[in-house]
Amino acid sequence: MVVPACVLVFCVAVVAGATSEPPGPEQRVVRRAAEVPGPEPSQQEQVAFGSGDTVELSCHPPGGAPTGPTVWAKDGTGLVASHRILVGPQRLQVLNASHEDAGVYSCQHRLTRRVLCHFSVRVTDAPSSGDDEDGEDVAEDTGAPYWTRPERMDKKLLAVPAANTVRFRCPAAGNPTPSISWLKNGKEFRGEHRIGGIKLRHQQWSLVMESVVPSDRGNYTCVVENKFGSIRQTYTLDVLERSPHRPILQAGLPANQTAILGSDVEFHCKVYSDAQPHIQWLKHVEVNGSKVGPDGTPYVTVLKTAGANTTDKELEVLSLHNVTFEDAGEYTCLAGNSIGFSHHSAWLVVLPAEEELMETDEAGSVYAGVLSYGVVFFLFILVVAAVILCRLRSPPKKGLGSPTVHKVSRFPLKRQVSLESNSSMNSNTPLVRIARLSSGEGPVLANVSELELPADPKWELSRTRLTLGKPLGEGCFGQVVMAEAIGIDKDRTAKPVTVAVKMLKDDATDKDLSDLVSEMEMMKMIGKHKNIINLLGACTQGGPLYVLVEYAAKGNLREFLRARRPPGMDYSFDACRLPEEQLTCKDLVSCAYQVARGMEYLASQKCIHRDLAARNVLVTEDNVMKIADFGLARDVHNLDYYKKTTNGRLPVKWMAPEALFDRVYTHQSDVWSFGVLLWEIFTPGGPSPYPGIPVEELFKLLKEGHRMDKPASCTHDLYMIMRECWHAVPSQRPTFKQLVEDLDRILTVTSTDEYLDLSVPFEQYSPGGQDTPSSSSSGDDSVFTHDLLPPGPPSNGGPRT
């Protein structure tokens, strides 16, 4: 039978690690079978496994062609990842298989529900013996196990940063074929003992742990044995916790360079940073004959900066081709992260071609001798004059008295940097300001205006063009007020624009000022996007620091959704009035899509948010979602995760396990938070995530693999996206780019007139079914799910009403 090319896929049942001897009672076997072309949806691949085996099913097309987003189902019901069931885009693993795992498994396209491949899985009582030949006839060279590659096992101590992947190998042989098992600190080590599980590659004699965290530290021992004996090897793993600090630049780089006219030059800059760094190469230039501005800061041009497809390795090298005399000068490597900035500079000297040098050699040697004598004599005269001048000006000595008091007009200062990310490379305007900020010792600023900040021409706004209005709210180190600004709109400079102004409180410290300046500089560096709160300007001269950002008229997303719930809900914002507008499925999907777009942009700029939630998404008058507070400098090591926010919510409920337990923050931990935000969107105006669950119980449930149940107004497809965001292994979660694509497809097929049935009782969200949001519970099945998903939606992939 000829299978059409468009549906041809390869379906693989993987059976690995089989030996000629039955495995011991503690051994776990991964069974593998040869790759075969995938059947049509009506066909099934028959596969048998032994009880206790690790089952691995794979489904992928020939030549690596993408199949699109997929889901796995058992007996027609969607599978959900857990500590025992690992679900990937094209691979399914079931650890410690039992009779309950027998059935028909299928891999389906997530949106079209087209079946890509079928497996009929049978689980028997006897463990698998693999595909090896029957080992009853013992060969002449029978004996105890031995290491086959001992030279690869010399490195017994492994120290890696958190979030890396670690592999331990113990390649061995023997007759009969030995079995391998693993111990951690002398005790049996299994996948359920670790968040994210482990991968046992029996055919490769290896143990793999992805996204390691500090709790993975310890001694790992492989035990290889058969009936003639056993051998073992112990490795020590040390996971280095990431600490917040500004980037560290390798000393001596970039180095000064001397080049011949027309040659090529490379500057190198080695950057070390746990937090994702931004790297830029700058060249110092002259403007109107001066290399510095009126405030003493240098003029520079940005030569190289991060793009969507550039890597840090590429940014660490600046290449100049066919250099000219105009290329000579000072170059700076600038690296920054959410903690601070570092920079090193080097000089390029361009010499004329060799023939020109030969002509000037003779004359140059004569002039050099005369010049050297002249310089020495001139320096001698200067030293004598300086000594005489100092003696004439020194006051007569007095007896012991009160110590001299020196008036300090500025606080002791640290260096900070101001960048403009979207300026032209050929611009001669000052693009970077290396300014001085107050020290971090923390005295109260009696008058913030005494601290002088450098003016940035692109962002500076005169205070006379700003009219402050009513307060909008308070933050951890400042307050936000509404204001009218003239000159923000470049097309209509005389028209006032409503803005939000961030400023410090009266009792602010110099650390608070440093944080506000850092937030402003981070917003400059990240640039503009429709779905983030953008910087509009700043007032840094002649008074306290004002940071002008976009104004969102409808407040944060949580209150926006809450105000639009139908009346009569126990937790509605105001049960006595009708909602402002009724939301449709498409409205909510649009909210999620816009937030995903904003996070995709922030990720492309290598910005990790670390506090993504509905409370930190603002809504404009035109219902545009804008992510806020992405530029805050958060000290993740000193943060009190148990402290409630001003609205009484615990930030821990939005945090990924690796961030919660080990304080490892990556773009993938932001993806977890996005999944919780999705739950908020489709539980409009409802309680906080994990309602009624105490924090201590929440920690336990997350470690056991429990996740929140599907909201009543959420479709199967959207809930599958949530569950993918909540995958225990960070690398298995989707990227924000993938989330944008998935939500775009769902948004396209969603009708504009499908209204949500939001009139669900509050018991839907409270485990105990109490009448008030303050009820507490240890967690019931109504909030968490650990089992299979409900049956899928219709084949068109659109949301159900």
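Numbering starts at 1 and runs along the chain as it is shown here.
Just so it is clear, glycine is given a Cβ too, placed from its N, Cα and C backbone atoms.
Between the listed residues S20, S230, S418, S438, Swiss-Prot assigns phosphoserine to S438, with no corresponding entry for the rest in that record.
In Swiss-Prot, the feature N-linked glycosylation site is assigned, of N322, N422, to N322; the remaining candidates carry no such note in the record. Just one residue in N288, N447 has N-linked glycosylation site written against it in Swiss-Prot, and it is N288. Feature annotation (Swiss-Prot): of 37-58, 125-146, the stretch labelled region 'Disordered' is 125-146.
In sequence order, K502, M503, L504, K505, A508, D512, L516 make up the list of same-chain residues 6 or more apart from G478 (ATP binding site) whose Cβ falls under 8 Å from its Cβ.
Geometry remark: Y719 (phosphotyrosine) versus C107 (disulfide bond), CA distance 18 Å. The two recorded residues C107 (disulfide bond) and N96 (N-linked glycosylation site) have their Cα atoms spaced 21 Å from each other.
When the neighbouring Cβ atoms lying within 10 Å are counted for each of the glycosylation sites (N256, N288, N322), the highest count belongs to N256. For the pair N256 (N-linked glycosylation site) and L472 (ATP binding site), the C-alpha distance works out to 51 angstrom. N256 (N-linked glycosylation site) falls outside any helix or strand according to DSSP and counts as coil.
The Cβ neighbour count for C222 (disulfide bond), using a 10 Å radius over every protein chain in view, is 23. Across the fold, the C-alpha of N219 (N-linked glycosylation site) and the C-alpha of L472 (ATP binding site) stand 54 Å from each other.
Closest by Cα distance to C333 (disulfide bond), from the binding-site residues L472, E474, V480, is V480.
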